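According to Swiss-Prot:
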- 44-73: NADP(+) binding site (BINDING)
- S181: substrate binding site (BINDING)
- Y194: active site, proton acceptor (ACT_SITE)
Amino acid sequence: MEKLFIAAGLFVGLVCLVKCMRFSQHLFLRFCKALPSSFLRSMGQWAVITGAGDGIGKAYSFELARHGLNVVLISRTLEKLQTIAEEIERTTGSCVKIVQADFTREDIYDHIKEHLEGLEIGILVNNVGMLPSFFPSHFLSTSGESQNLIHCNITSVVKMTQLVLKHMESRRKGLILNISSGAALRPWPLYSLYSASKAFVYTFSKALSVEYRDKGIIIQVLTPYSISTPMTKYLNNKMTKTADEFVKESLKYVTIGAESCGCLAHEIIAIILNRIPSRIFYSSTAQRFLLTRYSDYLKRNISNR
C-alpha cells in the first residue's frame, strides 16, 4: 500500500511538473522571445483561413498577411469577404483570394478545392464554428440546428485538413492551427453539443500531431476560453481577449507543442478550472448558476455592447 501511495504521489508530481513547464514556456515566449515572421513565411506562400468574415478568423487573416503571407479567406458572406480582402491588400500588400462557402453544408468542398488548386499552402487555420445557442440551455431546448453545427464544427476541420495536408506532406512542411475551445477540455453541461464538437477537434488534432510531426508538419489545437467576438458577445477585459489580441499572442506559441490555450491569461484560467473537482463542477448548484446568473451576465454583455 505504501508503494502505491508513493507511485501515486510521483505521478501527480510529474503531471504538475509538466503543467509548470508548459506554463513557463508560455511565460517565456509571451515576454522574452517573439517568433520571427520568417518562420511563418517559411511554411509556404499562402495561408488559408476558414470563418474569415468575423472575429478570430478575420484577425488571423490580417495578422498572417502582416507576416508576409498571401491569404485565402473562406466564409459565408461575400460582401464581408470583399471588404476584408480590399483592406488587407491595401494595408499589407499581400495577395488575397476569397471563397464564398457555407460550412453548414456538405457539398462545398469540391468548390473550395478548385480555388486552392496550384497554391503553395503553408498554413491552414481551421477556425469556422458555431454555437447552437448563445445562452446555456438543455440539449432539447436548443434550436434544432444540430446537423448544421456538426457540419460547421467537425466536418469542416476534417475536410479542410484532407484538402491541405497531403500537399504539406509532399513538401514536408506546414502549419495547421485548429481552433477548439476550453469547453473541449472537460464535458460542459448546458453547452453539451458545442463542448462535444470541440472535444472532437481537440482529440483529432492531438492525434494528427503525433502522426505528422516527423514529416515536418506542425499541427496545434488551440483551446481558448472567453474571446470577445460577434459570436460570443463577451466584453473584453484582462482575461477576455479581443480577437486581435488573442491572435497576435497565439502566433508566438505555434512551436510550443500540440496544444495551447493561445494566450497566457487562458493558460491561467485552464489551470484554475482543472483544479475544480468534478463533483463540484457538475453539481446542481453549478448548473443553476449557469442557467441563471451566467445567463444574466451574458444578457448584460449584449445590452452594453
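Each residue, glycine too, has its Cβ placed from N, Cα and C.
Between the CA atoms of Y194 (active site, proton acceptor) and V72 (NADP(+) binding site) there is a gap of 26 Å. Note: the CA-CA distance between Y60 (NADP(+) binding site) and S181 (substrate binding site) rounds to 16 Å.
Taken residue by residue with DSSP, Y60 (NADP(+) binding site) is part of a helix. Sequence-distant contacts (6 or more apart, same chain, Cβ under 8 Å) of V72 (NADP(+) binding site) comprise W46, A47, V48, I49, V96, K97, I98, V99, H115, L116, L119, I121. In three-state terms derived from DSSP, the residue listed as 'substrate binding site' belongs to neither a helical nor a strand segment and is classed as coil. S181 (substrate binding site) is 17 Å away from A52 (NADP(+) binding site) when you measure Cα to Cα. When the binding-site residues I56, L64, G68 are ranked by how far their Cα is from the Cα of S181 (substrate binding site), I56 comes first. Taking Cβ-Cβ distances under 8 Å and a sequence gap of 6 or more within the same chain, the neighbours of G68 (NADP(+) binding site) are S37, L40, R41, S94. In three-state terms derived from DSSP, A52 (NADP(+) binding site) belongs to neither a helical nor a strand segment and is classed as coil. Neighbour counts of Cβ atoms within 10 Å were compared for the recorded positions Y60, Y194, and the top value is held by Y60. Close to G44 (NADP(+) binding site) in the fold, though at least 6 residues off in sequence, lie L69, E120, I121, G122, I123, M168, R171, K173, G174, each with a CB less than 8 Å from its CB.
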